[in-house]
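In what follows, a single structure is set out as structure tokens and then discussed.
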Amino acid sequence: MEDIFNFFDKPKDPLHFSAIRISVSSPEKIRERSFGEVKKPETINYRTFKPERDGLFCAKIFGPTKDYECNCGKYKRMKHRGIVCEKCGVEVIPSKVRRERLGHIDLATPVAHIWFLKSLPSRIGNLMDITLKDLEKVLYFEAYVVTDPKNTGMPFAQVFSEDQYQKALEEYGGQFEAGMGAAAIRECLKSMDLDVIADQLRVEMLEATSEAKRKKTAKRLKVVEAFKSSGNKPEWMILECIPVLPPELRPLVPLDGGRFATSDLNDLYRRVINRNNRLKRLMELQAPEVIIRNEKRMLQEAVDALFDNGRRGRAIAGPNKRPLKSLSDMLKGKSGRFRQNLLGKRVDYSGRSVIVVGPELRLHQCGLPKKMALELFKPFIYNKLEEKGYVTTIKSAKKMVEKERPEVWDVLEEVIKEHPVMLNRAPTLHRLGIQAFEPVLIEGKAIQLHPLVCTAFNADFDGDQMAVHLPLSVESQVETRVLMMSTNNILSPAHGKPIIVPSQDMVLGIYYMTRDKYFAKGDGKIFASQEEVRIALDADEVDLQARVKVRLKNLVTDDKPLIVETTPGRVVLREILPDAVPFATINKVMTKKELSNLVDVCYRLAGNKETVILADKLKSIGFRYSTIAGISISINDMVIPEGKPAIIGRASEEVKEIQNQYTEGLITDGERYNKVIDIWAKSTEEIAKEMLDNLSRDIVVAPDGKEVKVPSFNAIHMMADSGSRGSAQQIRQLAGMRGLMAKPSGEIIETPITANFREGLTVLQYFISTHGARKGLADTALKTANSGYLTRRLVDVAQDAIITETDCGTLDGLTVSSLTEGGEVIEHIGDRILGRVALDDILDPVTGDVLVPANEEIDETLVQKIESAGLEKVKIRSVLTCQSRRGICAKCYGRDLARGHLVNMGEAVGVIAAQSIGEPGTQLTMRTFHIGGTASRRAEQTSLEARNEGSIKFININYVTNSEGHHIVMNRNGELAIIDETGREREKYAIVYGAKIKVSPTKLIKQGEALAEWDPYTMPILTEIAGKVKFGDILEGVTMEEQVDEVTGLSRKVVVESRDADKRPRITIKDETGKTAKIHEGTMGRYYLPVGANITVQEDSIVNAGDVIAKIPRETTKTKDITGGLPRVAELFEARKPKDFAVISEIDGVVTFGKDAKGKRKVIVTPDMGEPKEYLIPKGKHISVHEGDHVRAGEALMDGSSNPHDILRVLGQKELAKYLVDEVQEVYRLQGVKINDKHIETIVRQMLRRVRIKEVGDTTLLIDDQLERYIFEDENERVLDKGGRPAIAEPLLLGITKASLSTESFISAASFQETTKVLTQASIEGKVDSLRGLKENVIMGRLIPAGTGLARYRNLKLVVEDSGGVSPQPVEEVSAG
């Protein structure tokens, strides 16, 4: 009877378990779970299509093929449920059990599991301490292994070849036991005592002398400990019986024509069963050992192929020559179980169609074709039809809908009301790629999209398609409306600025109506009110752009009215403005930037609702006025500057001059190339500037007859100036000159295209330009994939960074200051601290008042206070220093950028960070496509000019005065500052080695005065004293080559790498006596030359202090675009060591040079106190410090890029984070992309989660072990409580791939990469996945523990209060990122 009740049971709830454990299965476990042994390789009978008994599809083992019907047909239907048929042995139950019942195959001989054998490092090999090669020999019957040495003194598990085995037999007789194959290995594994081995290994580790031995022992100890703690037995890695997958998961489908399509697994299983049966028979017949061995080996290979085909030897191929898909392949990769079916599923109640623009829609609406709506809302329609009494049964409702009767459309209108749908455009790169709208029924078959949300979807209407999804349950509808409605997503989660901003036509229209025109109709009139302007405009008494004065009410404060100078167009625009927004916001020419600012200001002052209304009105007014303006462009709008020929002529002269210098041998080819490119880059800029000046100014005749220059209404200029379409770069190509083009290799072709598109290109110029443009297209295709992969890795590493508590109570934070480059402020401190939380009280430096109390969010008003107080540094809380154990606290994160207030609990900030960094990556890859391959490259900076006036101050600059009286800088970390009257430092510049300083200390200078100049393309080596040049070890053909230039016929001396390690090319300066000159005590005038240096002096020539004796050419610059950028971002996040990274000093101290060791230079840094540190620097690398220099910790001793791991080790986590944040930001900044720092910090935090154990103390940790920081801290606390010695660890920087793979959750790691490896390791450790991250919960089919899925939102109690006029309490907004 209870069976009947079970029938109506709900399926198992995915929520009633809290964790998942994975471990190695024992043979007993496999048999216990199995429903019977599969003995025959047969599948189904080809005539009756019924499964063969004991075969791979046997109904007795796996259950009936038809619901409640046994195989022979004796028992049919529900009434016999649960009976086992006595004839065919089949149980009468539903056929879906064929999806879950396992069978098994008993193997005639044990077989090794290939994952534990071949998945590196080999676990079986590690445990037994045998190399993989030897292990394979034993398993594949080519060698013997000692299973029990007894008292012969042989080592346990020693591997013998056939000959050695015969010898040992002769020597010891039968006093030892050895065997081959998996059975022997199983014996060995079974006889191992893990506790004894673990103790032995610990002793070995303490006694180990070499690092390599210690590491090897530690690895082995790890495996032993894993087995000990997990309760897995080592012999289970050898299989005695293998499970057989349920038949429905490896189906056999009859095709028409009597053939069958089958899963590859059936072939693989069949192979195993055949070989196993044959082996059983041979063993019964007592066949010769050779035959049996061969059959055993074949069985091992068959099982290997079943588990992981192709892992060992050649993959077994099916009849069509393609390798069969094994069980591992079913899990792995993009089309494996994890990524194809568990993380991304296809859903019903969805549709897709082409999109068209819907300019008359409101922001929260989208147009849904009637056909689609009818299909999507079917169940709701049926329900309504029945409710209204139009039909009585579902069947008749179905018929009615199919006939599309008029009532159906009425019902559809009703159903659709207030029921939001979700629109999604692939690729969904950030959360704004799916937004919710209220559907509006439309005719036609295309979905209509509101123009303002195109930016977020990155959609255009050239044939893009979008998908519609329908949220069904009430909860999902509420979430969709509250969190995903387009009207609730006005701000971008990446940078907190509005993303719903008018673009293109709308911008142009608003720009046109807010421009002012000199001497227009009605110029200078004065109006009494806004309405009066409107009347005058409608009566055509005043021009839209006339400059007039109007008396306006001050709506913001209700003060007395103001008279403002403005234009009728701006007054019209004011009509749609909310009262809270001041008129000054729009009383200017409204470009796209200004519009974005307007939406932002409106959001802050007037709130969400008003902003949405404003956005819609801006859309309408923008379209309206761009139509009225009727702006169009003609070829005459592309005005070519008159000075163009002169500029090009001048540039050509300069290029000739440089060519001559090169011919005379004054400069190298590299310098010549760089200088030529610089000249052309500058000329192109110059022409562009003149052209833009021309376009933006018109000359008109004023009423008094004078000619006046006024801003022009040139259409092309208006489009670019307003930001609606086109850029200065594109206009430059239309009317200036195209400029330099790039080769596909990224080098710049030195002959520029001097023509523009209006003049037309010659054949050669056209050819050069197609060269670069094609590269752009090819790149785009390739880079999109790379960028997608970067996003995937970022999401994976950050998916479990969730806001878990309000305040972690940390006392630590970051100090933030304005970001400057070359003395120029790139990002003001205000932009960097907005929306962050203050760490301590922020005080006014003058009055000492508290500007911002500690733990308070710094909002826009506070930022203004801080900036006006002139604070240069502010301490804020940061994700990096957050002490939350799991996740991040709200105070350390600060403002939720997309909502404009402090972040809510449960927000998935990690995923948002990953999307914010990944999304522009994909966008930027598309960027090259539009410029068309013109080389974009900044001319290098060669000099410094003062930006402010003041007095000069030298900071840490050593200089000598050369023969021309210039100060030449002789050290690297010098800085030059300009101090104003009050003694405040106005600007500060780092001065490079070898620069000429044009000013002297304490001199008063004016703005724009030259301070210093240098050659950006070479790095000079200068002499500090005068004297006579002598070469040392500069031997032609050994350490130096005379390179003859083919063009000029001149030779120059270049230092090359020598085979002789003792040869050290150097230039020595001798004094009059012929001795090496002393610079100062202990420092000689000896200069070592790195590989690649060009020697610029002759032997025995006389040099003065500050003269260049050799030059090291810098790289020729390539175009800087995001291609350089994306791999750079990936390199930073993967924490790769750069190719030639610089050795950095770990301490502060003074540099001296020691004796060379092993052909490397020895640099010694001596601190004021404590031990000196020695560094070896490879020969041929240029050492950038000099004897007697004072270096700071973290400073590079040689040329090269920084290695993030060194920065972490020497300067600590904060400096590393600062370095990573700044480097990543620089790449994006070059492209003009804004990303908030906190996103990059979130990713860096995830990269720094782990520590590496240096000393174990009294803890149970192992040396060199890598583990999560808080596990380490817990273990230390435990030991300290008992009075033991704690372990010592160093922070560890993991790249994002490594960090994702080393997460606690094995499910998440397995679904990311290296599935087999992750699962193998996890099963040996008996890992428990406590389902804390997002991915593992998605895979298990549960709600994610973020946003509304947080436990604290699940168990809310709703209490209805007595409504005695009490207003309900506001509910905290629930956010699900």
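Cβ from N, Cα, C; glycine included.
Taken from Swiss-Prot, the feature Zn(2+) 1 binding site applies to CYS70, CYS72, CYS85, CYS88, supported by sequence analysis. Residues or ranges marked as Mg(2+) binding site by Swiss-Prot: ASP460, ASP462, ASP464. Feature annotation from Swiss-Prot assigns Zn(2+) 2 binding site to CYS808, CYS882, CYS889, CYS892.
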Candidate binding-site residues CYS808, CYS882, CYS889, pick with smallest Cα gap to CYS70 (Zn(2+) 1 binding site): CYS889
Rounded Cα-Cα span from CYS808 (Zn(2+) 2 binding site) to CYS88 (Zn(2+) 1 binding site), Å: 66
Protein Cβ atoms within 10 Å of ASP460 (Mg(2+) binding site), excluding its own: 11
Closest of ASP460, ASP462, ASP464 to CYS892 (Zn(2+) 2 binding site), Cα positions, binding-site residues only: ASP460
Cα proximity to ASP464 (Mg(2+) binding site), best match among binding-site residues CYS85, CYS808, CYS882: CYS882
Where CYS889 (Zn(2+) 2 binding site) sits in the secondary structure, as DSSP reduces it to three classes: strand
Fewest-neighbour residue among binding-site residues, criterion Cβ within 10 Å, set CYS70, CYS72, CYS808: CYS72
Cβ-based isolation winner (fewest other Cβ atoms within 10 Å) among the binding-site residues ASP462, ASP464: ASP462
Nonlocal residues around CYS889 (Zn(2+) 2 binding site), in sequence order (Cβ under 8 Å, 6 or more apart): ILE803, THR804, GLU805, THR806, ASP807, CYS808, CYS882, GLN883
Site of maximum Cβ density within 10 Å, from binding-site residues CYS88, CYS882: CYS882
Whole-number Å value for how far ASP462 (Mg(2+) binding site) lies from CYS72 (Zn(2+) 1 binding site) (Cα to Cα): 61
Neighbourhood of CYS85 (Zn(2+) 1 binding site), C-beta criterion under 8 angstroms, separation at least six: CYS70, ASN71, CYS72, LYS74, TYR75, GLU91, VAL92
Non-site residues, in chain order, whose CB comes within 8 A of the mean position of the CB atoms of CYS70, CYS72, CYS85, CYS88 at Zn(2+) 1: ALA59, ASN71, GLY73, LYS74, TYR75, GLU86, LYS87, GLY89, VAL90
Neighbour tally for CYS892 (Zn(2+) 2 binding site), based on other Cβ positions within 10 Å of its Cβ: 29
Cβ within 8 Å of the mean position of the Cβ atoms of CYS808, CYS882, CYS889, CYS892: remaining residues of the chain near Zn(2+) 2: GLU805, ASP807, THR810, ARG877, VAL879, THR881, GLN883, SER884, ILE888, ALA890, LYS891, TYR893
